[in-house]
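Chemist: Submitted below is the structure of interest, expressed as structure tokens.
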Amino acid sequence: MWHEARKHERKLRGMMVDYKKRAERRREYYEKIKKDPAQFLQVHGRACKVHLDSAVALAAESPVNMMPWQGDTNNMIDRFDVRAHLDHIPDYTPPLLTTISPEQESDERKCNYERYRGLVQNDFAGISEEQCLYQIYIDELYGGLQRPSEDEKKKLAEKKASIGYTYEDSTVAEVEKVAEKPEEEESPAEEESNSDEDEVIPDIDVEVDVDELNQEQVADLNKQATTYGMADGDFVRMLRKDKEEAEAIKHAKALEEEKAMYSGRRSRRQRREFREKRLRGRKISPPSYARRDSPTYDPYKRSPSESSSESRSRSRSPSPGREEKITFITSFGGSDEEAAAAAAAAAASGAAPGKPPAPPQPGGPAPGRNASARRRSSSSSASRTSSSRSSSRSSSRSRRGYYRSGRHARSRSRSWSRSRSRSRRYSRSRSRGRRHSDGGSRDGHRYSRSPARRSGYAPRRRSRSRSRSGDRYKRGARGPRHHSSSHSRSSWSLSPSRSRSLTRSGSRSQSRSRSRSQSHSQSQSHSPSPPREKLTRPAASPAVGEKLKKTEPAAGKETGAAKPKLTPQERLKLRMQKALNRQFKADKKAAQEKMIQQEHERQEREDELRAMARKIRMKERERREKEREEWERQYSRQSRSPSPRYSREYSSSRRRSRSRSRSPHYRH
């Protein structure tokens, strides 16, 4: 089977190759014999019989139907011929004053060039009219002489050169010269012999080459052309234009032939080479995406005024005096490890651990927490609003949570106005910090009981207390109108991760909540806006104030060690994630609206179908009632007059009524 398929494939391939070769030969043949169509135009006049029937032909040629034209008996025409009315052709006398516009004059000169250029060339070459007519007669009889084209001459020359080529010595040029010299020596002899033959038949088809003419010959040509209605200089100018047009046509034809040669399935490489050859001399500018590199986020230089005003808040690189040391977090949760990491970070940043911090200034950060202030103020400068400050605090707290407990940073870095589960997690961290900072708080008192008692609480009560404590923060920031919504939102569900983290017992969760509350109280006590602090925090007792002052240095060290600077790529990633979340919510909302709309349309369609079915049933019922009434009328009429005449009709109507009564519509 495989051999048969191979044989068939080989046969097909051979047929295709033969067809291609045949088409190539046919194309070459037609290219050879192709000429100007005007050269094939020949007009011949002969006497012939129009009618095949001899009787009809004799009747048509009888003197009754034929008449001499212009009195010439040798030239007989039909009397219905239109030439019978051309007995007298009046001579044309042009008007003396001719007003011709410049456009008409230029058109007339062009027409004269097309009419008489052959005669002008014959006059210039000294060829008489008899010689020209004889040459035309010879061409009509035998056709034009086939002269080898320039391409064929080049091919023959290449073949001759390749025969004389040797690899031992480079004598190719000499061989070519030797091969060309006999040709040049032979050519004058050939020309002499040809000239002897062409004395009788001069070659008048050779067009005058304008580029080879000198000034005298050009002037002579133009002078010869003026006798044929052309202006001085028109003939040579139009000859040049014709030559340029012929060159352009030849070039376009060569291009098309090259393209046709490269057509086919296997000629992709040849087409590419042809395209590269065409575009080799052209200069191509690089595309826009290759012209510039991707942006680099190196620290850029700033003006002295900007750097002096924002050096504390915007500087990313550490000063040469205090270079930061990179500390790697290797363990989570232990208080000893946290204290050691905080001490290492404080030593690296150059802060004295035993030195108490100065009171916070509203204009700038405290000196005891330079590292944390430097990192925090990169995301929120002193000129930004309080809302952006709170968002940067939440992002810093989420990163602290990532380093402490190994949670995913993105799930905590969202603002609590984004989604409900994230708002519950965020309010939980807020409420924990608030419970440890506010001694007189009711929720904090309830939450700070023993671990066993706390784990025994119902989930609803726990979520309610948590939502209330988070709601107090919301009330301080936004107003009292969010209490019911956050209470209802947070009381109906608890995420598994949240319930797991709440039921987890031991010193790890307590120390984590303690460190969170300390960092939260420290960040709120160092907030640069005093009115926000008044809104969000009630008045605390002096003991709580002392506790806060004691915990401030440790919290500053922790934030300085555990809060990294966000790179622009990470910032862009966060922004893209937020945009994706927004788009997801919008798509979800649009899908819900679409589903509601489809449901509404379905209900409307069902109602319409129900109404249509009801109408159809009513019409059917009315039709049945009409038929029944008609039948009863007919039956009563027949029962009144039971004559034998109507007995057949009566029986047929009875039969019809019986069949109708059997149908389900007429059952009583």
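Here the Cβ of each residue, glycine as well, is placed from N, Cα and C on the backbone.
These figures come from a predicted structure and were not determined experimentally.
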Chemist: Look up Ser495, Ser541 in Swiss-Prot and give me whichever carries the note phosphoserine.
Modeler: Ser541
Chemist: For the set Ser62, Ser294, say which residue Swiss-Prot annotates with phosphoserine.
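Modeler: My reading of Swiss-Prot gives Ser294.
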Chemist: Could you give the mean pLDDT over the coiled coil (579-641), rounded to a whole number?
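Modeler: Residues in the coiled coil (579-641) carry a mean pLDDT of 93 in this prediction.
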Chemist: Judged by the number of other CB atoms within 10 angstroms, which among Ser101, Thr327, Thr567 is the least packed of the modified residues?
Modeler: Ser101
Chemist: About how far apart, in whole Å, are the alpha carbons (Cα) of Thr567 (phosphothreonine) and Thr327 (phosphothreonine)?
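Modeler: The separation of the Cα atoms works out to 18 Å.
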Chemist: List the Cα distance (Å, whole number) between Ser101 (phosphoserine) and Thr327 (phosphothreonine).
Modeler: 97
Chemist: Tell me the coarse DSSP state (helix, strand, coil) of Thr327 (phosphothreonine).
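Modeler: DSSP call for Thr327 (phosphothreonine): coil, neither helix nor strand.
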